[in-house]
Amino acid sequence: MERRANPAFYALLVALVLMAVGPIWLMLATSLKLNVDIISGTSALFFVPTLNNYETVLCDYLWYEPEHVRRCDRTFGRALVNSLIVSTVATFLTLILGCMAAYALVRFRFMGRGVTSLTTLLVRMVPPAVLLVPVFGIWTFQYGLDGSRAGLVLVYVAMNLPFVIWILQSFIVQVPIQLEEAARMDGAGPFRTFFLVVLPLIKPGLAAAAIFTFRIAWNEFLLANALADRNTRTVPVVIVNSITEYDIDWGVIMATGMLLAIPPILFTLVASRQIITGMTAGAVKG
Amino acid sequence: MLANVNRATPYLFLAPAVLVMAVALLYPIGYMIWASFLDWNPSQRIGEAEFVGLRNYIYLLGDAAFRESFWVTIRFAAIVVTVEMVLGVGLALLLDRKLRGMTVLRTIFILPMMIAPIVVGLMWRYMYHPTVGTLNRMLESVGLPSAPWLSDGTWAFASIVIADIWQWTPFIFILALAALQSLPQSAMEAARIDGASGWQLIWHVKLPLMLPVLIVTALLRLIDAFKVLEVILVLTNGGPGLSTEIVALRIARTAQEFQDLGTAAAMSNLLLILLLVLTILMFGYTRLTERRAARLAAAREAEIT
């Protein structure tokens, strides 16, 4: 439509952007404020920023000792490390297992293909709340994985696999089969063909799948809360634990929230195109 | 399909994923179905729990608190999906034009849904805060009385709806925009040559053509709306009273606070059945539209030859 856009249109755009970014900006601003400023209601734009809250949160990893921190609370630093380990390992494993399975489902015809494919589709909608009871029971009494990072990784991999398998299928279908046949002719086995020919061609799909998996593992609270013990708690669990207390230290908790939000925000800024492709592929190929 | 490969190859590719899903997804689900027939508390092994048949389910049907949280869930899902669909599709129709900063704009819009639900809850809890909160300060500065955002049942429900709309409208927007931009240009041209106005174009051409994608989008969103938990947990923890206690939250509380795993499992089972129905609906609908498209294509082919 070659209409001249009118000012109202741009006003709408600005309003939308403000609405989308506003709350995030507020969180950032609050995390950079002293508690006095938060209580007195200094505006979100004009205040003296301070890194105090971040120093409190990360006191364990600083090379200096910030003078305003009287007693260093290690909880958050430990949680950050746990979160990083768990989500990275879970993402890595999900991707490897997921792309192999997707490849098998797309490229081979075999007994049980239909069943596997259908099951994968159906278990996609299982919410963490539904897994809470059984996973708690099994992990504690049968696998002996409660309170360990491995237990969390296992459940995250399983939870994300259906989605990853299904999204990667749509990328693998697009790889020209002639390439694989050529590789076969040259004597490459199926595994070499897969890892050396197919994988490099579906990198955008892998990126999208990786971001989605990481995001879920990184953000998940309920199962982490049920499974993790004091030493293996992840960041979301720590955040929730510290807000149920009566008096909320807004500055510190917003700094914690900001640190939890930073990786997904970075991914979004770097790979928004892949994320959107992944999301659209999801809806269009229900 | 690749010809002449070893018959074991596909199974080798599939085995690790299937193994993990069997051990950590299918087995737990089966376990949960079994547990829903037991009277079971967390200190017991499942073998020691007493079999009580359908007692948990019967208890749930008669439990006013569960019925209440069931209706809260349905109401929440229905309202957020409706509002988000209208807003998201409306915005997509408005912004579907050649715009220089569109990529930047889309990136900004997907930020809210990438951030952890816990953090989204945190941001909104701060904004809803009765004294230091941004919203009450804004009301105050224009001379209005402050609102009981999270402390009154009706307000609290509205507050969680608003937070969800903020987080998920962009999802609908992005998908609707993608659908719009992949519409066949020929149909639009034809309508315009026939003198269709902007509104007619939207009502009679664009929306009908987008409908299949929109229905799938709405169903996807509906399934997700039943899974929402963390935002509400942080904002209200189900309160005040039971006004915002959705089923997912009630499951968590039944398991962790009331230590009644059997009932929690029965509840999970009901939620799972509901989601399963929605998923099958979505799946069936996609199949249907695909088949119709294939038939149309075949008919067109037949006409040409």
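Positions of Cβ are set from backbone N, Cα and C atoms, glycine also.
Keep in mind that TrEMBL annotations are predicted by a computer and have not been checked by a curator.
These come from TrEMBL:
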TRANSMEM  A:7-28  transmembrane segment
DOMAIN    A:80-271  domain 'ABC transmembrane type-1'
TRANSMEM  A:84-106  transmembrane segment
TRANSMEM  A:118-141  transmembrane segment
TRANSMEM  A:153-173  transmembrane segment
TRANSMEM  A:194-218  transmembrane segment
TRANSMEM  A:250-271  transmembrane segment
Contacting positions for the transmembrane segment (A:153-173) when only residues 6+ beyond its ends and CB under 8 Å are counted: 86-87, 89-90, 93-95, 97-99, 101-103, 105-107, 120-121, 123-124, 126, 128, 131, 135, 139, 143, 145, 198, 202, 204-206, 208-209, 212-213, 216-217, 220, 223, 227, 278, 281-282, 285
Positions on the same chain near the transmembrane segment (A:84-106), where near means CB under 8 A and six or more residues out: 113, 116-117, 120, 149, 152-153, 156-157, 160-161, 164-166, 168-169, 172-173, 194, 198-199, 202, 206, 209-210, 213-214, 217-218, 234
Contacting positions for the transmembrane segment (A:118-141) when only residues 6+ beyond its ends and CB under 8 Å are counted: 101, 105, 151, 155, 159, 161-163, 165-166, 220, 222-223, 226-227
